[in-house]
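Sending over a structure as structure tokens; questions will come in a sec.
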Amino acid sequence: MARANKVVLAYSGGVDTSVCIPYLKHEWGVEEVITFAADLGQGDELEPIRQKALDAGASQSLVGDLIEPFITEFAFPAIRANALYEGRYPLSTALARPLIARRLVEIAREVGADAVAHGCTGKGNDQVRFDVAIGALAPDLKVLTPAREWGMSREETIAYGERYGLPSPVSKRSPYSIDLNLLGRSIEAGPLEDPDVEPPEEVFAMTCSTEAAPAQPELVSIGFEAGLPVSINGQRLDPVSLIREANRLAGSHGFGRLDMIENRVVGIKSREIYETPGLLLLIQAHQELESLTLAADVLRTKRQLEMQWADLVYQGLWFGPLKDALDGFIERTQLTVNGSVRIKLHRGSATVVGRSSSDSLYEPDMATYGAEDQFDHRAASGFIYVWGLPTRLWAAAKRRRGHHG
């Protein structure tokens with residue numbers, strides 16, 4: 001019995017998603033496979049990918065430009081949330097998955113499909129992100145996961161595709177698995193599976209090495225309005241152009257490389273290489289502006305919730321209730337995050353050297369140690385007495401207990 005009649009397949013042009021097309025038809029009895037490839041600013045020429053799907057047996061091969069919503073609806077909220085999974089990874093790949101899932105569901109409705117499919121394997125994070133997102137948006141649609149179920153090794157998958165005339169894009173010279181979009185690149189597999197092997201320079205494309213970076217530093221000014229980046233060096237840019245320019249500037253100075261051991265959703269550790277120059281630069285600038293414009297208790301609370309926000313997105317819960325609630329809190333905090341931050345880029349580093357805001361909570365007359373100081377130093381004694389009272393009472397009780405044995 002056929003698993004489904006008409007399926008919309010998330011398609012990248014890679015080995016797994018290409019093999020999914022004949023596999024769905026010949027092994028699972030699917031009558032019609034419609035593929036969808038998302039343009040997320042990865043820079044690939046998508047016409048060959050579209051044709052490749054047709055050659056593999058797809059009845060329709062669709063390509064959609066999702067760059068603008070990717071930045072405005074997914075990347076910019078992540079910047080506001082200072083989203084860094086495990087304190088480092090800015091979710092460049094994870095942010096794309098709920099958007100692709102949403103578009104898959106929309107296409108399925110438009111063409112009358114009874115299922116959607118993806119080529120994610122059973123060890124990765126993306127299977128979780130797609131399955132959970134689709135289940136939230138369209139619980140009536142089946143989600144077919146051939147790569148998770150077919151039980152073939154990488155070599156066997158390639159051989160299966162060759163039976164149906166599919167060429168393999170992976171050679172011995174380039175054994176890496178690469179995912180890319182406008183926000184960055186993720187690189188894994190091959191020699192990188194040994195966590196003690198230094199990544200060769202050939203795996204990087206968006207950033208130069210620190211050795212090849214300019215000897216002279218460059219100052220960059222980033223402007224924000226309500227927590228959203230709006231300008232670079234005084235020039236207002238649309239969201240997509242701003243990300244491109246941030247990538248260019250940071251990448252040209254070797255900033256934005258990550259080499260980390262990451263805890264996947266499925267419980268294993270993986271070694272990941274990331275290039276995310278612009279996104280990391282913007283998050284760093286945004287964090288600094290918040291330190292100037294948010295009250296201390298709000299800032300501390302937000303820093304705690306940012307980690308949870310990043311965990312939720314990484315774990316595929318973009319459309320979940322907790323993230324929705326956190327979005328409301330973050331939105332409220334951003335009303336006063338207005339101003340600019342100056343950052344010095346130099347040979348792999350990005351150092352904040354200045355920040356300014358009309359909503360600044362920094363009061364020079366209170367902070368100065370000069371003659372203009374308006375802080376009432378005499379008030380400190382009473383404050384410290386009350387502040388330290390609980391500690392003194394606890395210490396006294398501890399001494400009494402010790403005295404009586």
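A Cβ is built for glycine as well, from the same backbone N, Cα and C atoms used for every other residue.
Feature annotation from Swiss-Prot assigns ATP binding site to ALA10, TYR11, SER12, GLY13, GLY14, VAL15, ASP16, THR17, SER18, ALA38, GLY119. What Swiss-Prot lists as L-citrulline binding site is TYR89, ASN125, ARG129, SER177, SER186, GLU262, TYR274, and the listing cites sequence analysis. Residues or ranges marked as L-aspartate binding site in Swiss-Prot: THR121, ASN125, ASP126.
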Of ASP16, SER18, THR121, ASN125, ARG129, the binding-site residues given in the record, which has the fewest other CB atoms within 10 A of its CB?
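Each of the binding-site residues ASP16, SER18, THR121, ASN125, ARG129 was scored by Cβ atoms within 10 Å; lowest is THR121.
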Using DSSP and three states only, what is ARG129 (L-citrulline binding site)?
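For ARG129 (L-citrulline binding site) - judged by DSSP and reduced to three states - the answer is helix.
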Whole-number answer please: how many Å between the C-alpha atoms of ALA10 (ATP binding site) and SER186 (L-citrulline binding site)?
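Cα-Cα, rounded: 19 Å.
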Cβ-Cβ under 8 Å from TYR89 (L-citrulline binding site), same chain, 6 or more residues apart: which ones?
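When sequence neighbours closer than 6 are ignored, TYR89 (L-citrulline binding site) has LEU258, MET260, GLU262, GLU272, TYR274, THR276, TYR314 within Cβ distance under 8 Å.
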Sort the binding-site residues SER12, GLY14, SER18, GLY119, ASP126 by C-alpha distance from SER177 (L-citrulline binding site) and give me just the closest.
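It is GLY14, whose Cα lies nearest.
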To the nearest whole angstrom, state the Cα distance for the pair SER18 (ATP binding site) and THR121 (L-aspartate binding site).
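THR121 (L-aspartate binding site) has its Cα 13 Å from the Cα of SER18 (ATP binding site).
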Quick one: give me the count of other CB atoms within 10 A of the CB of ALA10 (ATP binding site).
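Excluding its own Cβ, the number within 10 Å is 24.
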In angstrom units, rounded to an integer, how far apart are the Cα atoms of ASP126 (L-aspartate binding site) and GLY119 (ATP binding site)?
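GLY119 (ATP binding site) has its Cα 9 Å from the Cα of ASP126 (L-aspartate binding site).
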